[in-house]
Amino acid sequence: MSPWLTWLTPAIPLLLPWLVRDGSGMVQATVCSRWDRSVGLDDRGLSQEGEVVIGGLIPFHNLPPAPDLSFSQPPDLQACVNFQEEPLQWAHALVFAVDEINRNPFLLPGVRLGYRILDSCNQHPWSLRGALSLVSGGNIRCETTEISKLKSHPSSDCPVPLVIGDASSTQTIILARTLGPLSVPVISYQASCGCLSDRQEFPNFFRTIPSDVYQALTMARLTWLLGWTWVGAIAVDNDYGRLAIQVFEEEIRGTGVCLAFFETLNRANLVRDVKRAADTVQASTARVILVFLWYTDMGALLLELGRRNVTDRQFLASEAWSTSGQLLRNPALFNVAQGVVGVAIRSAPIPGFEAHLRSLNPSRRPGDVLLKELWETVFGCSPGAAHGHGTSLLPSPLPPTPSVSLPHTPPPTSSSPRPLLASCSGAETLEGVQSPFTDTSQLRITYNVYLAVYAAAHALHSLLSCPQRHSPTWGSSFTCSLPYNISSAELLQHLNQVNFTTPLGEPFYFRGADVPAVYDLVNWQATPQGLLKLVTIGRVDGSNLLINQSAIQWNTGTNTVPVSVCSDSCPPGTRVARKKGEPVCCFDCISCSEGEVSNTTGSLQCDRCPLEFWSNSHRTACVPRQLEFLSFNDVMGVTLTTVAVCGAVATVAVFVFFVYHRHTPLVRANNSELSFLLLLSLKLCFLCSLVFIGRPSVWACRIRQAAFGVIFVLCLSCLLVKTIVVLAAFRSARPGAGQLMRCFGPVQQRGSVFLFTSVQVIICAVWLSMSPPLPYRDLGLKGSKVILECEVGSVVGFSLVLGYIGLLASLCLLLAFLARKLPDNFNEAKLITFSMLIFCAVWISFVPAYISSPGKYADAVEIFAILASSFGLLLCIFAPKCYIILLRPERNTKKHMMSK
């Protein structure tokens, strides 16, 4: 079994003492068995004695050694490899803060703080073992020892009352759960998992870094602000990565932003997972990738993408790698990592810290193993070697960047041959040296460690300060403790109440386990030297997000925001149509229907235009509907006008022709007065059809129907009287019927016409006075036009007008039909019969056609009926007479007319 997989080993008590009391009551350890065989791990760290010792866990190395597969000895944890400079800077922030506090006469006066910092290796077995070593006292020898003497001689081997660490959320969760029953406070400087905010599950946990919840919320707001709706996600396969993506998904729900894919990376299978994630990124259409990874894992992914020449992706970085100096300094990542935008832990200065770092050297701290490893990394020599060449303290050759070696180089083993380095005195100076260790331009995690120490110091100060009897705090639940008798449970209570002002003058307090969310927004920008530099482009303070978009350099090298969408936004005039079974960000664009518009980009629906408006051809705006009516400019209007004028002209011609031949027997025999009146009414019938053409107005609507009704009744009255005259003439020839014609002479004929016409005039007058026809805008029909027509007003009135016309036509047809066979060479009744048949056929067909015709076509139907019936009367009654007068004059004689 691999030593880093034997996670149960650190949980075994480091010491198993058998405690007995002697006669004086003194507790002694009579039997002691050491179960932990990894004794050397406690020496690979930093320590300083003090009356109160603070514990620390920092990942100085990030790779475990190769496992011993010989199975010749029990498994134990070996020292890790792949030294890192940044974590050593974090550790010295703790050292520097402790030194500051010890020199501060107002904070913990009379109490000397110490520290004990161990390597957590960024792996939970080492982290858990180190924590248990810290809280148990560590390397206490298995000898008969008076426990009370351990307390009377404070040293770095005393149990620590609290632990500052670890860097990873997963390791910190394990620590908090393990140390929770012991009420040992855990203050993390980098564990940002939102799950750690649960005070029920982690009552002993605190942190000086904001929760990932705020970071995920910030990234969601950035994607929405920058218009990215199609985003991929890659996260480390642990609580840190999965919970951050979960919060991100919850925040973007309902905002139109979708996850194109979600890949996880596990460090145990990093090479395989990196290839799988790179395949997904390369195949996806998403151009923006959200990444929650540790910087070493991200380096491996960026190298793989660079190898595939996938350089057109925009990365949104989490705080775990957004400020990584190793990635920024790696020239192999220039093309693929340019333009990264990330959320970073806020940066703050620590006065005097850079001078502290540059003053360090191994000659002054000969027992500092970590400082010797730093010297080997920075100067390439082994300090303190006895010969011309020394043996490196590093277990294996140090790769130039972890991101390069991690996915391709197998972990080195502790048994690997150690490289020979040139010896050096260790008195070399770090002044002028530019390295991650000495770079204090942007102190982020380092400042979090610094704050964690001050938070612990203020809690200890509160705990160790004894209130006087006259003080308002006398009698509180907090008790006064001595430095050698600090209770972790009491210290935990005081940590919950911590509220102080930092050396920078900022207020500091815990809200549960968390601190107020403050982030920097950073951008990786190219330099003329072909390298990447970190530029701050904004800040997040609570719910306030400030960003200078013009200062951002994107992956294209320009200031143009990259586009990452599944489907392009629907232009105005269209709407979004969801694709079944696909995310809401993937959709089709469908044009709006007629009468609907959308004037914005990405509209979810089209809006219907108001009744008097219609959509334009592009469906982007509502325009007023065009008024439609039968006008003199329409082809139909021109045609009907021409036909009506021709009919009127023909009627006038016949009238003139009959006036000219008024003395001929044919004209005189057919009641010339009524014929002239009939021709006049027919002329008016042709002309009244023109009233139905043109823009409807109040008077036009009233005149057209009244004129139509009265003129047609006048025409039919003339025909009816002519028919009655024919019947009366033949009846009067019978014996005893001579008085019939005298009773129906010209005066009575004119009176009958006037009487029949007056009835229609009365009907029209009542109709127009009670409910007259009025102009009406018909908005019910779909289309870009409004039908302007004359509404009949009273349907009863209109029906009476048509009914009276139908009554007269029916009577005329009936009487003409009865007189059709009367003996005469020219029986006009036959002609009236044919004309009435045409008239009735036209108007019977008119009713359904008129009802079913919309708008101006209804007027055209009525005009057609007027013209058709008028031409029928004109042709059937007067055409035969004109034929005889012009072409058969021999029949236009009295003799012929009187013959049988």
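A Cβ is built for glycine as well, from the same backbone N, Cα and C atoms used for every other residue.
Feature annotations, reproduced from TrEMBL:
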- 396-414: compositional bias 'Pro residues' (COMPBIAS)
- 636-900: domain 'G-protein coupled receptors family 3 profile' (DOMAIN)
- 390-420: region 'Disordered' (REGION)
- 1-25: signal peptide (SIGNAL)
- 635-660: transmembrane segment (TRANSMEM)
- 672-694: transmembrane segment (TRANSMEM)
- 706-730: transmembrane segment (TRANSMEM)
- 751-770: transmembrane segment (TRANSMEM)
- 795-819: transmembrane segment (TRANSMEM)
- 831-851: transmembrane segment (TRANSMEM)
- 863-887: transmembrane segment (TRANSMEM)
Examine the transmembrane segment (831-851) against the transmembrane segment (706-730) and state whether at least 3 Cβ pairs sit under 8 A, considering only residue pairs 6 or more apart.
yes
Please figure out which one of 635-660, 672-694, 706-730, 751-770, 863-887 racks up the most CB pairs under 8 Å against the transmembrane segment (795-819).
706-730
Counting only residues 6 or more past its boundaries, what in the same chain has a CB within less than 8 Å of a CB in the transmembrane segment (672-694)?
629-632, 637, 640-641, 644-645, 647-648, 651-652, 654-655, 658-659, 662, 700, 703-704, 707-708, 711-712, 714-715, 718-719, 721-722, 725, 746, 749-750, 753, 859, 862-863, 866-867, 869-870, 873-874, 877-878
Reported mean pLDDT - the domain 'G-protein coupled receptors family 3 profile' (636-900):
81
